[in-house]
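Peer 1: One structure is given below, represented as structure tokens, and several questions about it will come after.
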């Protein structure tokens, strides 16, 4: 052990990671143990007024942002095109410095099949107070579309009276206002206000338990997705996915030109949780969208859904994102609550590939502090994972295979634990070799070298992959080309402090040029 102990890379909670039981693992965690240098979890930031400028985006990239999320529930196409341009400008401005350069991905978050209320007294900014116990009439009569008040509220979902029944709940504005349905007419229902408050215009409506039959992809979504293809976004976060057919519909809209865009399905209601397996099968990844989920299912059950979804994604080897309210209090305060710190750490311990910030970076007062805080918590949590048990279980559930790349990936991760390697270096074109390594959750960062920009950007969705973009011309001698890419990864790893001369790294390469031939693993001392 003394020899492995001198490899400074792996001191991070190593004693705990190799315990025999989970209880023993917890007993051995040590607050004075230094976390790993690399952070393995991806950080997704929503870009909005607080973070749109090139200057701010540069700082966010330096602080650790990997994926920029654009929320298409708000803003025009011009606005989002400007944001995308700024993100790319900020990313490329750091390209001259290969150490700081990170290929940042762009994600388009669709509005999805939302139900919204009408305008209060004809104005977008007016508010009325709803009093507990009062009666509120919900109407589908378009005469009230721009003329709602404390007595009558118009909603834009025409089948409302068919899907709710007396005793149903209707939630408005993220669950802040709740209404209890008393009686139902042909184009209206009478409700009692259970929870009052100030109601503004065009607020979101949730109908927990109702079988809402809205199209998965609205006409606005179709325009937004086509815009995304033109803008060359890397991934789509598809809102309110309820079944596999919804995912296929999004794929169809993306079409041939957008066939390489990753589709991450957002699970936000009971039906989505119930039909999780078919959705996972059809998607490239999953987002646990805890905001709407916490209204659609009881708040005390959200953590169960989170653990179940993360577990099934880890088992299937697909990326999973934990989102909503992770550091919510940092919208207004420079430090998170203790509960939020715990929440971020536990999402990482559960096995999330990425953690997301919404309002914290889009409209908050402390966007940079929020990114740095997530980065710091994630590093500590990653060191505290019970790697010994996790690797054995992941290896056990992975199907038997004759695919050389899969077999090599398992071997490489096992070897990386055995020799406490500073990193696993992999050369990849499509990204698949790196994704397979990520699936087995090595402690060491996976430095994935590729010439394909999109492969590099999408790799941020997977835990532990540190993508680097290799921009030199292809060498005519293939073996020389392999060596120059491996050396490039070594230089970056040393400059970033992942390892130093004399440490060992594991190198995965193919036996011939092209995609799909990765089958050679070498254990190499760092020069």
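The backbone N, Cα and C atoms fix where each Cβ goes, and this holds for glycine too.
Given the structure is predicted, the values throughout are model-derived calculations rather than measurements.
According to Swiss-Prot, the record shows the following:
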BINDING   69, 266, 291, 292, 324  substrate binding site
BINDING   71, 73, 109, 110  K(+) binding site
BINDING   71, 72, 73, 74, 116, 203  ATP binding site
SITE      266  site 'Transition state stabilizer'
BINDING   268, 292  Mg(2+) binding site
BINDING   428, 429, 430, 431, 432, 433, 478, 485, 512, 513, 514, 515, 516, 517  beta-D-fructose 1,6-bisphosphate binding site
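Let's see these features in context: how buried, what's close, how far.
Peer 2: Within 10 Å of the Cβ of residue 324 (substrate binding site) there are 20 other Cβ atoms, across all protein chains. Classification of residue 324 (substrate binding site) by DSSP places it in coil, neither helical nor stranded.
The Cβ of residue 71 (K(+) binding site) lies under 8 Å from the Cβ of 46, 48, 109, 358, 362, each on the same chain and at least six residues away in sequence. Secondary structure from DSSP puts residue 71 (K(+) binding site) in a beta strand.
Counting Cβ atoms from all protein chains shown, residue 116 (ATP binding site) has 16 others lying within 10 Å of its own Cβ.
All protein chains shown were included, and the count of other CB atoms within 10 Å of the CB of residue 266 (substrate binding site) stands at 26.
A C-beta separation below 8 Å, combined with a sequence spacing of at least six in one chain, links residue 268 (Mg(2+) binding site) to 239, 240, 241, 289, 291, 292, 293, 296. Residue 268 (Mg(2+) binding site) carries neither a helix nor a strand DSSP state and counts as coil.
Around the Cβ of residue 512 (beta-D-fructose 1,6-bisphosphate binding site), a 10 Å sphere holds 8 further Cβ atoms from the protein chains shown.
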Peer 1: Most Cβ neighbours within 10 Å: which of the binding-site residues 72, 478 is it?
Peer 2: 72
Peer 1: Write down the Cα-Cα distance for residue 324 (substrate binding site) and residue 73 (K(+) binding site), rounded and given in Å.
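Peer 2: Computed Cα spacing between residue 73 (K(+) binding site) and residue 324 (substrate binding site) is 15 Å.
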Peer 1: Far apart in sequence but close in space: which same-chain residues, 6 or more away, have a Cβ under 8 Å from residue 516 (beta-D-fructose 1,6-bisphosphate binding site)?
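Peer 2: Set apart from residue 516 (beta-D-fructose 1,6-bisphosphate binding site) by at least 6 residues yet with Cβ under 8 Å, we have 405, 430, 432.
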Peer 1: If I restrict to non-local contacts, at least six residues apart, and a C-beta distance under 8 angstroms, what lies near residue 514 (beta-D-fructose 1,6-bisphosphate binding site) in its own chain?
Peer 2: 429
Peer 1: Please name the residue among the binding-site residues 73, 203, 292, 428 whose C-beta has the most neighbouring C-beta atoms within 10 angstroms.
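Peer 2: Of the binding-site residues 73, 203, 292, 428, the highest Cβ count within 10 Å belongs to 428.
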Peer 1: Which are the residues of the chain, 69, 266, 291, 292, 324 excluded, whose CB is within 8 A of where the CB atoms of the substrate site average out, their centroid?
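Peer 2: Checked against the 8 Å cutoff, the neighbours are 239, 268, 287, 289, 290, 293, 323, 356, 358.
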Peer 1: Would you identify the secondary structure of residue 109 (K(+) binding site) according to DSSP, in three states?
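Peer 2: Residue 109 (K(+) binding site) sits in a strand per DSSP.
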Peer 1: Which of the three DSSP-derived classes (helix, strand, coil) applies to residue 516 (beta-D-fructose 1,6-bisphosphate binding site)?
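Peer 2: It is coil.
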